Amino acid sequence: MARNMNILTLFAVLLGSASAVYHPPSWTAWIAPKPWTAWKVPPPAWTAWKAHPPAWTAWKATPKPWTAWKAPPPAWTAWKATPKPWTAWKAPPPTWTAWKATPKPWTAWKAPPPVWTAWKATPKPRTAWKAPPPTWTAWKAAPKPWTAWKATPKPWTAWKAPPPAWTAWKATPKPWTAWKATPKPWTAWKATPKPWTAWKATPKPWTVWKATPKPWTAWKAPPPAWTAWKATPKPWTAWKAPPPAWTAWKATPKPWTAWKAPPPAWTAWKATPKPWTAWKATPKPWTAWKATPKPWTAWKATPKPWTAWRATPPPTWTAWHGHGYGGYGKPGKPGKPGSKGPRGPAGPPGATGKTGRTGATGKRGPPGYPGKPGVPGRNGYVHIVFDGYGKWEIGKIERKNIREAVAKAWTAWNAGHGHGWTAWTAPPAYG
């Protein structure tokens, strides 16, 4: 099994190296230097701002008043150093020490039998079978084609560096550092007791009103005309279907289908017979050995002379156990985990909780992604896009304004995401 896995791993590595070396022309062209390389370098102001201010460095270096408080008190240190009266009580009794030093009758019984020792010393037939095949050993020692590729500098190393403007901005001090250090006026206000604390604890008159049924419950239900209208088919269902041009394009064969197909060399290799197929089909020498009865099977089934000895403790053990020093035995093996107990009865229903307060307004969400272009309409296109800040922009756009509207939506999306990709790729063209 291990040999098969080694061979499969070899072909997986070879296939992975081949796929890593080959790139289509579009990939090679894209690897060229990008216009956003300089933009990604952090400005010097940022690099300087990230550094610790001198006040912080000096504060860290000054001794703190709580260092002495954290040290243990002298009384504890002195108590730890004094000898304890229970040290002698914890020592094992002399009878236990003498018993441990005497040879035990079961020492010889625990030794493995001579036939086992001899069998362990003989060479096994599976030793040679477990060694890796010579082809694998030679392949492991041969130089690999991807070693040189890994050692060459890559063109994207410089692209990953942050831009200088970002580094400079990081290094400049920020105006909010001092504001954070000043005490705030609301700190004291938060600590004072509030007048509404007692009001919240008193029962409210609207608690009973909330529990009574309201006359407008039936009024809120949708009218039957609305329910019937929802169930009838709508004339715009067919209008929402994709245009025939899209359906026809989806049905035509694409030029990249052949590019995605596996290379002929891989297909041919898969079809050729493999050398390990015959090896798997041949009978193995250990199959017969596994089927033959073993000499230790009968030995395991016969009663052992030490079974009775284990059941009856010797008198010396019983007498010694009366000393009360039984805590010096070896720790027992951990017990097996217990089975799962029966399911307990259901608890009483909990009390109805109070209505929670209205939550605070949430933070602005992340920028949205551009929507897909709408299907054709009577006045050109109904174009639905994101404006780059998580809001929908829906409206009818004339055909002559399609390109301008899409370009604006694309630029807004780039600005909302903070990426400078406008120079890298042009907005999609519609109309």
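Any Cβ shown, glycine's included, is placed from N, Cα and C.
Just so it is clear, the model here is predicted, and its values are computed rather than measured.
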Candidate annotated in Swiss-Prot as C-linked glycosylation site, out of Trp36, Trp229, Trp424: Trp229
Trp129, Trp392 - the residue Swiss-Prot records as C-linked glycosylation site: Trp129
Pro43, Pro222, Pro427 - residue that Swiss-Prot labels as 4-hydroxyproline: Pro222
Feature 4-hydroxyproline, as given in Swiss-Prot - residue among Pro132, Pro348, Pro366: Pro132
Neighbour tally for Trp79 (7'-hydroxytryptophan), based on other Cβ positions within 10 Å of its Cβ: 11
Per DSSP, three-state class assigned to Trp169 (7'-hydroxytryptophan): helix
DSSP-derived class (H/G/I helix, E/B strand, else coil) of Trp299 (7'-hydroxytryptophan): helix
Nonlocal residues around Trp76 (7'-hydroxytryptophan), in sequence order (Cβ under 8 Å, 6 or more apart): none
Long-range neighbours of the repeat 'B-11' (211-220), counting only residues six or more past its ends (CB under 8 A): none
Lowest local Cβ density among Trp49, Trp89, Trp119, Trp269, which the record lists as modified residues, within 10 Å: Trp89
Pairwise Cα distance for Trp179 (7'-hydroxytryptophan)/Trp269 (7'-hydroxytryptophan) [Å, integer]: 70
